[in-house]
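Let me begin by presenting the structure, written as structure tokens, before commenting on it.
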Amino acid sequence: MRLWLHLVLLVATLEGVRSQVQLVESGGDVKKPGDSLRLSCKASGYTFSGYTMYWVRQAPGKGLEWVSRIYDDGSDVSYADTVKGRFTISRDNAKNLLYLQMSNLKPEDTGRYYCAR
């Protein structure tokens, strides 16, 4: 299982190097419980509008946790139960941008957030 995960990550990394895919997250900050925050992810090096996009996160000392998903055309979204009703994923295909609006933040939302395709 662990070897498989490392292999998948290696393949994803090599694909990114070959095609110059870049996903750059921004908007992180220190917040208090109950606050709101919007994260952005700028994509380049591929046809953004052709891919379903994801947000995942990693709490300190923990593994990766899936947060949310949005279809290529924005027609369907889904959320982890832990964030449902508080987080909203959206995208702007004209600007190659992915967003995660986070409201009513909780201590357990602490972590590093990543966008992925």
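A Cβ is built for glycine as well, from the same backbone N, Cα and C atoms used for every other residue.
Here Swiss-Prot flags Cys41-Cys115 as disulfide bond. Here Swiss-Prot flags 20-49 as region 'Framework-1'. Taken from Swiss-Prot, the feature region 'Complementarity-determining-1' covers 50-54. As annotated by Swiss-Prot, region 'Framework-2' applies to 55-68. Residues or ranges marked as region 'Complementarity-determining-2' in Swiss-Prot: 69-85. The region 'Framework-3' annotation in Swiss-Prot covers 86-117. Summarising the annotation, Swiss-Prot assigns signal peptide to 1-19.
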Neighbour count (Cβ, 10 Å) for Cys115 (disulfide bond): 23
Range from 55-68, 69-85, 86-117 with the greatest count of C-beta pairs under 8 A to the region 'Framework-1' (20-49): 86-117
Mean per-residue pLDDT computed across the region 'Framework-1' (20-49): 94
Chain residues outside the region 'Complementarity-determining-1' (50-54) and at least six past its termini with a C-beta under 8 angstroms from it: 41, 43, 66-72, 89, 91, 98, 115-117
Contacting positions for the region 'Framework-2' (55-68) when only residues 6+ beyond its ends and CB under 8 Å are counted: 39, 41, 77-80, 82-83, 87, 89, 98, 100, 108-116
